[in-house]
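Input: a single structure, listed below in structure tokens.
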Amino acid sequence: MAGKKILIVEDETVEALDIKKMLESFGYDVPSVVLNGAIAVETAKKIRPDLILMDIVLKGELDGINAAKKIKELNIPVIFLTAHSDNEAVERAKKTEPYGYIVKPYDPIDLKNTVEFALYRHSMDEKLKKSEKKYRNIIENLQDAYLRADNKGTIIMASPSAARMFNYSSSKEMIGQSVLTIYSDPDTRNLMLEQLEKHSKLEGYEFEGLRKDGTTFWLSMNSQPYHETNKVMGVESFLRDITEPKESEKKIEKLYRLYATLSQINQAVVRINDQESFFKIICNVCIEFGKFKMAWIGSVDEATGKVTPLVHTGSESGYLDTVDVNVKKLNSPSNRAMKTKKFILIKDVREELNRPWVKEAIKRDFNSMVVIPIKLKARVIAMLYIYSSEVNFFTHEELDLIREMAMDISFAITTLNSEKERKLLSRALIESEESYRELVDNSIVAIYKTNLEGNILFANNAMAEFFGFKSIKELFKTNVKDLYMDINDRKVLMDRLLFEGSIKQCEVEMATQTGTPVSILLSAKLNDDEISGMMMDISQLKEVEAELKNSENKFRALVENASDALLVHDYDGNFVDINKKASESLGYTREEFLHMNVADIDPDFDLETARKTWKSIIPGSSNTIYRNQIRKDGTQFPVEISFATVDIEGKKLYMGLCRDMTDRINSEKELKASEEKYHSIFDYSMDAIILSVVNEKITDANHAAVELFGYSKEEFLQLSRNDLIDPGEETNHIFHTNTNLNSYYQVELNLRKKDGTKFTAELLSSNYYDRAGNEKSVTQIRDISPRKIAEKRIKESENRYRKVGQLISDFAYSCKQDSDGIYKNEWITDSFFNITGFNKQKLLKHGNWLFTVHPNDEEIAVNQLNKLKPGETSVENFRIITNHGKIIWLENHLECVEDNGNLRLYGAAKDITEIERTASELKLNEEKFKAIINNSSDLIRILDKNCKIVFDSPSSTRILGYPEGSLVGTSPLELIHPDDRDQVESDLEEVYKNKNPGTPSEFRILKSDGTYLPVESVAQNMFNVPSVKGIVVTTHPIKQRKEMENAIKSSLNEKEILLKEIHHRVKNNMQIISSLLNLQKEYVDDLEAINVLQESQNRVKTMSIIHEKLYQSDDLTHINIQEYVEKLTNDLMYSYAATNVNPFIDINNIKMNIETALPCGLIISELVSNSLKYAYSKDKNNELKISLKKYGDLFELVISDNGIGLPENLDFKNTESLGLQLVNNLVGQLDGEIKLNQDHGAEFKIVFKELQYKPRI
């Protein structure tokens, strides 16, 4: 640290010089010493010192603390110099964040250590700032999002990438938001916190995120708690958008499973020779390709209804022996399938708990199921039962698959006994295969088939596009081996395929026709001598992974420059890696560490015990210990060490993160869209469906259309769609203009039946091209006449309720009871969403807005809803919780009406939070006021207009001894001492007139025991306050205060005497010193030494006179300067035996404080002594003049003689004379100016201000 520049700011000159010499002896450079704060700031800007030593108390407008505030902007560390503690000043000083304190008096070792520590700490702070800047740059350039939230779930830090990911304008906009805003389902946050608490760290946690615009997407999150001062302050997380990879995986899996399943069923349909084998194949396909738990088929006895198992596949485990399935059991799944001749889906078997088979199903983990009727023409001959272990296993894709299966199976059974029909079946299946082929050709996933030699037997358009071929035919000319970047990759895959039979999602590097590398995710299956599978281009995904790796490298750099020590060792405890902080913290070099063992830094280390601990560490978690760590130099410091296992280059190692706890301990002390539906069932639709050639005749109509319009199918074929529209309908041309290809048109029209009956219908029409290229149309028609009538009535009623609700409430709504007796919202005003912060999707998910009700008020809200009968109304108050956690009180009005046998509720809810809060506060204030009055130590009374007591607080009994309430109705003047009564009466009259309010008055009041109690009373006119209407008098006993005041006066007198005695003793001690110097002169022969002792003796006397005057004066803080200078001058003339000098003293009646008088006296002493010693000749009429005048706040001191003057070449401001050096330093201490005039002898003129010192710290 030697060579560092240090600036000293000290107005005590002697102390400043002493500090300067010590610092220079330590090797520091002290370029300047300044006396006040303003100069310190300017000097610091010019010379830019490495450190500043600053006295807290300085003369001038800027004290040390205010100066330090300005210097802090320059990033220069400050150490405060202080005499002793003063709490207020110390607290002010702390706000400037000083680098230390030096308490006077101080020794050189303390000074050296404090300065070295401050310089070292400032150096470390600068490094930390650079590290933090580097860390922030990394955070701001991350591709992944970074978020930090406190324990309340409020976002306190966000990276720019986070703002981009969640569609915010900037990271600042996210700060202060609830972290729940990024979750599509807020419950996910709670589940995440539970997992985080259990494992202390989360990696790869997937959930659905929510952007600011309301769109959702999939995220992967790594989270961990962050700590400050050994406390968990919140959670920090890295988030990655995995929507595209996740949807790609789902799409591959769904397409592959769907295609494989349908293909297998179609192949089975073509191959079947007998019914039983066909059933067996169907069950096998369900298990192998549909991934279901168990499937079985049973024949149906039409007479008894019994279903007898024929075949089964999967985890049956005796289930079929325990159940008795009969299609005639009312409302059972089999019964419903038999009646409707449609498949029945049970999403959760627990919904059927009253069925005897459910318990057996749950035992075998059958949690959801589907029942499919197998039909021979129109007759159900068998049932197919499929089970899954997952609740809600059957997605839209599986449901479409099941419908297709049901149709294909029934169709196959129907055609089994007819060769002609079998041929028709083959043709239909070929058409089905063509439709599947169309699906394959338009797939974004490459689908292929090759032989073992690599010749391509089948491929779709996507595969040709992947590898840059213009057509599939051109692709067929290429061997698949030629598409691999490395032919060895093909050999490895073939070996694996031959051994395992299939490969799922294997990454391989391939090349386009032009040689451009492309990353492929490949799946393949070996069937006999053919290989079939799928490919997907994942090049973009690989780029994302590369970005991730780059991010990880940045993270590694962050770790290397982390503020915590990181040590990695092997199973034997030998160190294999450390970071820079580890070397700095423990004092060993990196090379030393790599030749050391854990035992070398831990004397208590036992390898066997440690190995047991290491083995117990669960991957992904860590163990944390707290201990004292020994450095190389033997010193110890407290640390927090977290252990975790890591795999580096295939080797299991152990990593310890060692955090120095010293600073902490010290500071304590201070799917982007869903898939299109596959097929609709034409014949079994309850709605009328009409097929036609666009603008031409109807080509087909289903049974529902025949029943609705009354035309036979043959008659329909002679009509066009426009023939069905009522002639009076103005929009009868809509089929020509409003139905475009690949879109649909929905409209309500008046139609006409065959018998001429008109009715209102809802039409849904769509156009498409058939295989022949003809533009055709499908139109779905639903009779909505009854609904339109009901809607009209309901709409009129709803409009009434909605308008009324909006006028009298914050939001209005209606609910309708469903078949299960549960009320679901029909409509609700938009103000509900503004008030609660929830969106419509959330409301739809719950069905009813009561999911917002506070848990403690759920019973009130639910009872109000369920107990209301038609014609009744109800009003209840309860709380709800908004999406942001805010609690709101509602006044909920409900009316119940009956509509066609269904119950409907109309409601209006009003926000009464403020009313509830006001009522609660009012009640609380009343209770507080009552408690204050009852427990007050003061006597509180209210007087009416006749000066009678109308309220007397209970404290009247405690203070005066009168029974409670006994003084009500009496005059308070009756109890006042006769000598005080007139003054109190006069004061009360002023208060009654609204004059002199609130002025305290002291008097004596009569107690019940006959004695008088001194009190202080304040009266306030409060006739304008309705709840008071009187004079409020507060009376406080002051007996103890009076006694204390007398004691204080006595104590002040004692302290004044003590202070005088102190000044007296100081004066005596200085006199002893002066006497000692005088005695010393007797033993010295050297004239120069005698003069030095004489000058020292005069200086001591100068200070001694100050204390003499103080203890003799009644004013212990100021000196009468005239008396002081006269005494000082006489003593000096006596000391130098100046009998030929005539003194002239011209001083007004001036008083100075001791801080100013002492340096002023020393200046006078030095200059007068100089004149007496050197200025005069013996035979001349010698004169000495001393003048002190005050002009405003300035003093002018003039000391002159008519002697020989000073040498012409003498610079009195830069001289080796100790006396003149002291004069210049003392003038500087007084913040004064000194001038010398030698026209007639020597005349010194000094102008200065009185020093205004604050109390010393």
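Please read every residue number as a count from 1 along the shown chain.
Just so you know, glycine gets a Cβ as well, placed from its N, Cα and C.
Record note: among 58-85, 534-561, 674-701, 534-561 is the stretch given as coiled coil by TrEMBL. Here Asp55 (4-aspartylphosphate) comes close to Val9, Glu10, Asp11, Glu12, Gly64, Phe80, Leu81, Thr82: these same-chain residues lie at least six apart in sequence, with C-beta atoms under 8 angstroms from its C-beta. Looking at 5-119, 874-924, 925-995, the range that has the most CB pairs within less than 8 A of the domain 'PAS' (131-203) turns out to be 874-924. Counting residues per DSSP class in helix, strand and coil order gives 53 helix, 24 strand, 38 coil for the domain 'Response regulatory' (5-119). The predicted model assigns the domain 'PAC' (874-924) a mean pLDDT of 86.
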